Amino acid sequence: MDLWRVFLTLALAVSSDMFPGSGATPATLGKASPVLQRINPSLRESSSGKPRFTKCRSPELETFSCYWTEGDDHNLKVPGSIQLYYARRIAHEWTPEWKECPDYVSAGANSCYFNSSYTSIWIPYCIKLTTNGDLLDEKCFTVDEIVQPDPPIGLNWTLLNISLPGIRGDIQVSWQPPPSADVLKGWIILEYEIQYKEVNETKWKTMSPIWSTSVPLYSLRLDKEHEVRVRSRQRSFEKYSEFSEVLRVTFPQMDTLAACEEDFRFPWFLIIIFGIFGVAVMLFVVIFSKQQRIKMLILPPVPVPKIKGIDPDLLKEGKLEEVNTILGIHDNYKPDFYNDDSWVEFIELDIDDADEKTEESDTDRLLSDDQEKSAGILGAKDDDSGRTSCYDPDILDTDFHTSDMCDGTSEFAQPQKLKAEADLLCLDQKNLKNSPYDASLGSLHPSITLTMEDKPQPLLGSETESTHQLPSTPMSSPVSLANIDFYAQVSDITPAGGVVLSPGQKIKAGLAQGNTQLEVAAPCQENYSMNSAYFCESDAKKCIAAAPHMEATTCVKPSFNQEDIYITTESLTTTARMSETADTAPDAEPVPDYTTVHTVKSPRGLILNATALPLPDKKKFLSSCGYVSTDQLNKIMQ
C-alpha cells in the first residue's frame, strides 16, 4: 500500500513541476502519509511550505545548535517572524513554561544557539517553531544523541620507504582532533575514518575506523598523485562529522622507465593456460606414437624361455622327454653328481649268491680250456653295486699296451688268454692250507677284509677232470680255488686328494675244511686270479720269498710266457730284497708297501704308485716305467 502512495506522490510532484500554477497540488500533498514525509523530509517541507527543523548538533557535548528552513511563504522570510521555544523535562515531568531561544545570531541565520548555561547533558529537550502563535514544527532529543564533532584539522603525510624497483612507496598520514572537542580531558572520545584515492579515480578507498590520529598507507604508486581525507564521530554513535580538507600526496619525480615497467603487466595467466594446453598436446602425441612401448613398460610380456640349443616350441608343447634328451647331450647342462658322492672307506668284492652257484665263476672259466675261457671272459659280470672291481677287461688292454711300449716289445695277445695265464700264477689257497707254506702266506696278507658274500665257487669242470687236465697246461699244478681278493684297503687320503692304498691278502674265512685230497704244487705256482691287468705286490713277494724254502723236486718254477702281463718293478724290488734275507730271518714278515693311485687309465682301471726301495746290485731291471714283463719276471725268479 505504501508503494502505491510513493508512486502517487512522485507523479504529483512531477505534475506540479510541469504545472506550477496549479492550486490542487498543495491540497493533495497535504494529505500524504507521515511515513512518506519521514522518508523524504524535503517532501514534507515542500508539501506544507512551512518552516521545518533540519538538524540539531552538539560539537563538543557542552553546547548545541538547532537549524530550520524558511518555507515558501514570503511573509515568514522576514527576520523575527519565526520563533523557537524549548522546554526541559525534569523528574519525568515537563515544565509548564516554554522558553524562547536564547541566541538567534551566533549559529547563523535560521538557527538557535544554546551555550553551556542552557545545556544539560542526559536531560531531554523539546523544541518547537511558531509564527504568530501557530505551531509550525516540533522535536525532542538529548544532547548526547546529537553530538556531531567538527572535522579534524592539520592533515599531513610522511614518506616511510620506497620499494626496491622504485615503483611504490609507503606513507604515514597524521592529523589533529577538532579544536572544539575536549579530547585531551576525555570529555568526548572520537574515532576517525580515513579515505584515500588516486586523483583520477572517482571511488574512495575507506579504511576501518581508528582511535589514533595517524595511520600508514602502504603500496602507493610513486608516479601517481593521491588524495586523503578524514572525518570523525563520537565513539558508539553513527553520525560522522564533515570531512576534513583534502590532503594531496605527490611523490618526487621518479624514473620513467620504472613507471613503464609498472604499467606493463606480463600476461602470466595467458602463458599458464597456453603452457598447460601445449603440454597436454605433447603428452597426447607421445602416448599415441609410443603406445606399444608404453604398454610393454606398464604391462611387460611374459619372457619366452630361451635355452641354448633347445627350441622354445618344445617347452610350449610340453615335450619334456625331448628336452631332457637334448640336455643330456650337452655337457654344460649335465648335473654335477660328484659333490654328492660319499667316500668309500674300503672296497668289497661281491661274489654271486648261493642260489647262483650253478653258474660258473669268472675264475673257473679262466682255469678251463682256452676256448671256454675266451668265451667266458667276454661275458664277465661286474656285480659290485658301483664299487671298484678287479674283474675289469678294459684295464688289461690299457695297462698291457703301456708296459709293452716301456719294454720295447710289440707283442699283442688276446685279453682272454692273458687273463687265463695270469690267473694261473696264483694257486688255490685251500689246497695249501695244511702245507708248511700255508702259515707264511697267512702272515703276509692281514690287511684285506673280505665280505660275508665272498664264497668259493665251483670250477667250470669237476675237480677230477681239472686234475687230469692240469699236466697239459703250461703251469704244472694249478689249484681249483681262485676266489682270492686282490683289492687294497684305503688307509689314508693325502691333502692333495690322493688315495693311499694298503696292499695285501687275507685267506678267506669261509674255506671248506673237509677236503682231504691235496694237490702237490710248488709255492711259486699259486693260482693267482688275473682278473685285472697287474700282479698283486703281496703275491709277487710270496712267490719270490718262498722259493728258497721249498724242495727242488716239489717246486716247479713258473714260466711266464705271457708277454703282455706286467707287475710293478717296485714290488719286485722289494720282494727280491726280502728273498735275500730269507735265510737269515725266515720267519720275519715283510714290511707292507703302501702305494697311491697315480692315475685312472680307463673307466675302471687304476695305475698305482708304489714306495720303491733301492734295488740290489745283482738285480738289474730293464724297465724304468714301473712295470716288468713276464720274461723279466722269469729272470728275477731264477
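Cβ coordinates are placed from backbone N, Cα and C, and glycine is handled just like the others.
Given the structure is predicted, the values throughout are model-derived calculations rather than measurements.
The feature disulfide bond is assigned by Swiss-Prot to Cys56-Cys66 (among others). For Cys66 (disulfide bond), the same-chain residues 6+ apart in sequence whose C-beta sits under 8 angstroms from its C-beta are Phe53, Lys55, Cys56, Leu84, Ala107, Ser111, Cys112, Phe114, Ile127, Lys139. In the three-state DSSP scheme, Cys66 (disulfide bond) is classed as strand.
What Swiss-Prot lists as disulfide bond is Cys101-Cys112 (among others). Under 8 Å, Cβ to Cβ, and six or more positions away along its own chain, Cys101 (disulfide bond) finds Gln83, Leu84, Tyr85, Tyr86, Cys112, Tyr113, Phe114.
The DSSP secondary structure for Cys126 (disulfide bond) is strand. Positions annotated as disulfide bond by Swiss-Prot, on the basis of similarity to another entry: Cys126-Cys140 (among others).
Residues annotated as motif 'WSXWS motif' in Swiss-Prot, with similarity to another entry given as evidence: 240-244. With a threshold of 8 Å between CB atoms, the same-chain residues lying at least 6 positions outside the motif 'WSXWS motif' (240-244) that come near it are 148-153, 155, 175, 178, 193, 195, 229-233.
Per Swiss-Prot, region 'Required for JAK2 binding' is recorded for 295-380.
According to Swiss-Prot, the motif 'Box 1 motif' annotation covers 298-306, on the basis of experimental evidence.
Per Swiss-Prot, the feature motif 'UbE motif' maps to 341-350; the stated evidence is a curator's inference. The average pLDDT computed for the motif 'UbE motif' (341-350) is 59.
According to Swiss-Prot, the phosphoserine annotation covers Ser342, on the basis of similarity to another entry.
Residues or ranges marked as region 'Disordered' by Swiss-Prot: 357-389.
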Residue among the disulfide-bonded residues Cys56, Cys112, Cys126, Cys140 whose Cβ has the most other Cβ atoms within 10 Å: Cys112
Cys112 (disulfide bond) - helix vs strand vs coil (DSSP): strand
Secondary-structure category, per DSSP, in which Cys56 (disulfide bond) falls: strand
DSSP residue counts for the motif 'WSXWS motif' (240-244), split into helix, strand and coil: 0 helix, 1 strand, 4 coil
Coarse DSSP state, helix versus strand versus coil, of Cys140 (disulfide bond): strand
